[in-house]
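Copied from TrEMBL, the annotated features are:
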SIGNAL    1-22  signal peptide
DOMAIN    85-165  domain 'Cadherin'
DOMAIN    166-274  domain 'Cadherin'
DOMAIN    275-389  domain 'Cadherin'
DOMAIN    390-494  domain 'Cadherin'
DOMAIN    494-612  domain 'Cadherin'
TRANSMEM  611-642  transmembrane segment
Amino acid sequence: MLTRNCLLLFLWFLVDEGSVSSLHLPSSPLGRSRTAREHARSLVGPMRNGAAGFQRVKRGWVWNQFFVLEEYMGSDPQYVGKLHTDLDSGKSAVKYTLSGDGAGSIFTIDQTTGDIHALRSLDREEKPYYTLRAQAVDINTNRPLEPESEFVIKVQDINDNEPKFLEGPYKASVPEMSPVGTYVTQVTATDADDPTYGNSARVVYSILHGQPYFSVDAKTGVIKTALPNMDREVKEQYQVLIQAKDMGGQLGGLAGTTTINITLSDVNDNPPRFSKSFFHLRVPESSAVGSAVGRIKAHDLDIGKNAEVEYTIVPGDGGAMFDITTNEHNQEGIIILKKPLDYETKKAYTFKVDASNAHLDPRFQSFGAFKDTATVKINVLDVDEPPVFNKPSYVMDVYEDTPAGTIIGAVTAQDLDASSSPVRYSIDWKSDLDSYFDIDPVEGTISTNELLDRENIAQHNISIVATKLNSPVLTSRVAVTVHVLDINEFPPDLASPYETFVCENAKVGQVIQTFSAKDQDLPPAGQQFSFKSPKEDIKNKNFTIRDFGNNTAGIVTKRSGFRRRVQEIYFLPVVIDDNGYPPKSSTGTLTIRVCGCESDGSLLTCSAEAIFLPVGLSTGALVAILLCIIILLVIVVLYVGLRRQKKKETLMSSKEDIRDNVIHYDDEGGGEEDTHAFDMGTLRNPKVVKENLYRRDVKPELKRGPKPPISQDSADIRDFINERLKEHDIDNSAPPYDSLATYAYEGDGSVAESLSSIESHAIDLEEDYDYLNDWGPRFKTLAGIFEEQSETQSDSTTMENTH
């Protein structure tokens with residue numbers, strides 16, 4: 001207590017303003033202490049004399065403990081520490097509050113004493129520390145006595161996690177014959193405990209199995225070789241067991257282990273060695289040049305490319321007659337005959353062969369020469385040789401359909417031995433099962449035995465056997481290839497069924513389709529085809545054939561103005577000739593469909609029905625549109641019928657209604673002049689009107705007479721008006737009012753001139769609809785319809801004029 005008071009007195013003199021709060025940290029039960037400092041706070045208050053001054057207020061916290069032990073297993077809450085302020089005089093006037101991480105759920109505080117307890121066991125690996133805030137308030141007024149202060153409760157670690165190798169088991173390799181200390185690999189163990197506290201996370205590595213070949217660094221986990229010159233040929237695989245132990249390897253620490261499989265990789269530390277120093281071979285003199293006459297082998301204990309062996313013949317006796325190569329699969333040395341052998345000339349050859357590695361390692365050249373030498377002796381054996389053909393193979397050509405018995409070629413063989421025996425020839429029946437060919441046994445001439453068909457078999461491969469007459473067992477064979485040459489027996493045809501279309505806006509001389517031909521005869525690469533129109537189709541005014549000279553031709557338009565409504569499909573014959581012998585010819589037919597196209601030539605539609613249909617609409621959409629139109633028409637008809645019915649009822653139900661200056665008529669009238677054309681009194685008293693007057697609310701059943709002429713002084717017009725007046729006089733279906741019918745002139749004698757389209761009929765016939773072609777491709781169909789109508793009407797007019 002005295003020490004604390006002295007410290008407070010010392011801090012008092014260091015600060016000239018404000019207040020100093022000290023955090024005294026007595027030693028915790030674990031032997032550690034922590035201090036926390038609060039900034040000074042000054043409270044300014046009025047003085048009794050009216051002068052401003054500073055009133056020093058002393059405050060301070062006392063922390064007994066800032067650590068809480070993890071994995072606490074006690075039955076009572078674990079004591080964490082104690083909060084205390086200098087303003088607490090011990091009279092229970094101060095209340096302590098706690099907030100922040102885990103306040104209330106993990107940590108609780110005694111509001112009176114300031115003691116903090118942990119309510120449950122904590123795991124540092126789950127959360128290493130908790131940040132909380134403490135405050136002292138007046139227990140009666142809840143007024144803060146001190147500003148809120150923040151502090152940290154750290155979970156103190158215990159050794160509850162063993163080291164773990166996250167990447168094990170490991171695989172590693174190291175070259176054989178490596179010196180001591182050569183790096184192999186490194187292993188790492190992870191400990192979840194706190195590395196900053198104690199030795200719980202301090203890991204030490206040791207080797208449990210694998211000595212004395214390898215060692216491990218206790219701190220880094222680096223594995224190195226411990227023995228020199230480890231030989232892969234002696235032992236290739238090693239298994240090493242590594243242990244990682246925490247607490248610095250002390251007793252009581254937790255440990256984890258992992259396995260490392262180490263392989264010694266091969267180096268070229270062994271030269272090839274022959275199993276014996278002398279090889280004796282026997283070779284018949286009949287051996288062919290280039291054939292293998294013997295095999296020798298040098299063994300190498302290494303593997304892979306380090307075991308690859310190269311064989312060479314040492315220059316000297318016999319070296320020019322033979323050569324040696326290496327079999328890449330088994331590293332054998334294959335001795336090959338370079339020149340023909342003759343027993344009568346030389347009976348034996350002797351030479352030396354060296355075997356060496358292809359890939360040398362300079363580190364091991366000090367061990368000695370990396371090669372071995374052996375002696376090879378070859379004895380030539382005397383044999384009675386079979387006949388020898390003057391060619392290694394024969395090739396013959398024959399045209400198909402060649403008559404049977406025709407000679408197509410000959411083979412020749414002779415006996416090279418001193419006896420020079422006659423030779424007889426035959427065909428191996430296995431190579432000519434169908435007996436297409438025959439051979440003269442003495443002369444060796446080959447002839448056909450029956451007609452050949454190239455389309456059936458284009459090439460025959462037969463084997464001719466030559467036999468010595470005095471030694472039938474000595475035979476030799478030669479391959480004969482017979483090519484069956486093609487004759488022109490198939491006419492050419494179109495390469496495919498072409499689908500051709502011509503646009504309605506196609507121009508004269510436009511190539512609308514390029515086509516080619518095919519032929520079953522050979523050769524395909526050398527065939528030449530020509531194309532032309534048949535003689536009877538030369539006068540075709542629509543299309544023609546243009547031969548491009550490269551086995552292709554094109555369809556060319558001879559006119560423009562194609563219309564689907566006039567003709568939708570055209571058939572164009574084409575004559576195709578080949579250059580075979582004898583030449584063959586055929587006639588094909590190309591189908592051309594007239595289609596609607598864009599201005600750039602892209603296809604729109606080819607169906608004739610599409611002329612009347614919107615472009616781009618499917619059948620379902622068109623059906624839906626038609627249904628909608630029908631429904632709308634039905635609605636309009638019903639609506640008009642209801643309106644007419646309503647008007648009729650209104651007109652007939654109000655017979656006593658007085659109409660003043662109201663006129664109902666369907667014909668054109670003269671405006672207000674109509675009000676003076678009849679007696680208005682009659683309209684006001686409908687009963688006095690005769691019942692046989694003409695009704696204006698229903699359509700008359702009488703047919704209209706001929707149309708009046710346009711001349712005002714014509715007698716026909718007067719007769720027409722009189723006839724109409726009589727019809728109205730005798731009509732008894734007209735109502736007693738609104739029965740005025742006025743007939744007047746219009747046209748040339750009218751002030752308003754003509755309002756009808758009667759006189760425009762002749763003008764419409766002469767109207768030119770070519771301007772529709774300038775409105776774009778979507779008006780092409782409409783323009784075509786009007787053009788056809790104009791042409792039809794013109795033709796009709798011409799015929800009428802002719803009659």
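The count begins at 1 with the first shown residue.
Just so it is clear, glycine is given a Cβ too, placed from its N, Cα and C backbone atoms.
Those TrEMBL annotations? Automatic predictions, nothing curated.
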For the domain 'Cadherin' (166-274), the DSSP residue counts stand at 3 helix, 47 strand, 59 coil
By DSSP assignment, list the helix, strand and coil residue numbers for the domain 'Cadherin' (275-389), in that order. 10 helix, 54 strand, 51 coil
Let's see if you can do this one: DSSP helix, strand and coil counts over the domain 'Cadherin' (85-165), in that order. 0 helix, 37 strand, 44 coil
Averaged pLDDT score, the domain 'Cadherin' (166-274): 90
The domain 'Cadherin' (390-494) - residue tally per DSSP class, helix then strand then coil: 3 helix, 52 strand, 50 coil
